[in-house]
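Chemist: Checked TrEMBL, it gives:
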type     : residues : note
DOMAIN   : 96-236   : domain 'Fatty acid hydroxylase'
DOMAIN   : 416-586  : domain 'Very-long-chain aldehyde decarbonylase CER1-like C-terminal'
TRANSMEM : 63-83    : transmembrane segment
TRANSMEM : 90-109   : transmembrane segment
TRANSMEM : 146-167  : transmembrane segment
TRANSMEM : 290-314  : transmembrane segment
Amino acid sequence: MYEETPKFNWCLHILILCALRGAVYTLCSGLNHWHFLTRRRRVVQQTVDFKQIDSEWHWDNFILLHAFMGLMATYTFPVFTNLPIWNSKGYLFALLLHIAVVEPLYYFVHMLLHSDYLFTNYHSLHHSSVVPQTLTAGLATPLEHIIFGLIMGIPILATCLLGYGSLKLIYGYVLIFDFLKCLGHGYTECVPPVIFEFLPFLKYLIYTPTYHYLHRKEMNTNFCLFMPLYDALGNTLNKKSWELHKKIFSGENTKEPDFVFLMHCVDVISSIHVPFVLRSFVSLPYTTRLFLFPLWPLAFATTMLLWMFGKAFLVMGYTLRGRVHQSWCVPRYGFQYFLPFAKNGINDQIEDAILKADKLGVKVISLAALNKNEALNGGGTLFVKKLPDLRVRVTHGNTLTAAVILSEIPKEVKEVFLTGATSKLGRAIALYLCRRGVRVMMLTKSTERFQSIQNEAAEEHRSCLVQVTKFQAAQHCKTWVVGKWITPREQRWAPSGTHFNQFVVPSILEFRRDCTYGKLAAMKLPEDVQGLGTCEYTMDRGVVHACHAGGVVHFLEGYKNHEVGTIDVDMIDVVWEAAMKHGLRPV
């Protein structure tokens, strides 16, 4: 088993170790953000926001710094050129050195870092993150990382100098060290209290996320690295550590949501855009990146598993004016909504989510995109009729969506070409515009549906609604409102300078360079939103789809009725003014 490790091989080993260390932090971060499994054991109820994500963006720089330090050590100490792959005695010596040297030394240094000068100029950076998470472990000054790197290296170097070192010891010690750092900095309590009840001495040998959280909160207690024993010896152990640990693990600290936005996956590859896969990636608007394609097989396998066994699950959340807002995801993808045999299964999933929300005491649940499709469930009407005793209010949010689309059409426009004209949104837009005296060319081959909408308009406005059956009819109209997907060939009929407003999912291809294209209807959440660190699909930071915003307004206004089925045109201006009053803004 003894095998010489040439110097030139250390470059490869250190590179591999860097990759493994990054993987440990990334995987632990992902597990920490499995909110659908961990939400009842959250040490901190607030979630990580964009500001904290940006401050921790280069969390992995310390791994490169430690790699450079490790490489210097391999060239400085000849002992590293003749290491066995395995030496069982080395683990015992490393453990003893960790307990007797690393733990007390770290405890002493950490206490010093909390002195006025060192804390203000150095350690305060580490404590600047409001919500502790695994990647917070990497947020520190270079001086701190150098000191901690030297402390971490003591058992490795000493064991090798004593002749008991090995390659596996180096890998094992560093990776276990990183795992324990991730454990303590995570905001999910994953250590069962029953362990400490059965073996009480263990509470002095291993810390918990709650234990470290109290250090970050109160600053003057719980300074240990991994072993609370040294806090007990130094009289700095927080007396609340074990009781708070039990309380958090039991779920007593959990706040249930007041508002839920029920969304769905768009496609297989974009399903990776979730916090529990890559925390930093999801803090940016979704775009297809090359690094996603190797993950496609895993995403596809997940798609199949969710199709067979999945239920609606929690993806993200934020707090607005003291109320918890969450986004849940129905485990179905866009293409599945157009499979005839999948209709009942999707409605069952949505119904289960509504009933779950009702049981949790949610006030409003807003249906996203295809979850409120007219052909699927009548814009949510199916559930309201089937479940008459619901306390949660179901809304499709389309009233505000219509208001946002209409706000983007200039007041001076006198003619509009409308596709998807007989849909819920199309109907509302047409009726509202005809009240303004705008001529609306409604593209539909169904004379019956057109006449039904036309008859809803006041008699003096009916002439403004015109049925057309071909795109050629709009060849002189420069304002198109697209509610049904159109091909590049169909876009050719638009004159140069046309602006395409749209409420179609997915968005149409931006084919015409001589035309402009609007984005999907969206609104920016109020400035006082807290804990928002996830971009909603392709939306910019802090921006959500208009139907999401519509649900938020429904909740903030305290409307007692459901908002399903057709859109009340008279409510469009009312809901728009309510959105402005509560600080939501169009984008």
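Glycine is treated like the rest: Cβ placed from N, Cα and C.
Note: TrEMBL annotation is automatic and uncurated.
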Chemist: Short question: which residues 6 or more past the ends of the transmembrane segment (90-109) have a Cβ under 8 Å from it?
Modeler: 147-148, 151-152, 154-156, 158-159, 162, 164-166, 169, 172-173, 223-227, 229-231, 234
Chemist: What residues elsewhere in the chain lie close to the transmembrane segment (290-314), defined as a C-beta under 8 angstroms and at least 6 residues from its ends?
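Modeler: For the transmembrane segment (290-314), the sequence-distant neighbours (Cβ-Cβ under 8 Å, at least 6 residues beyond its ends) are 35-36, 39, 262, 265, 268-269, 271-272, 277, 326-333, 336, 349-350, 352-353, 356.
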Chemist: Take the domain 'Fatty acid hydroxylase' (96-236) and average the pLDDT across it for me.
Modeler: 95
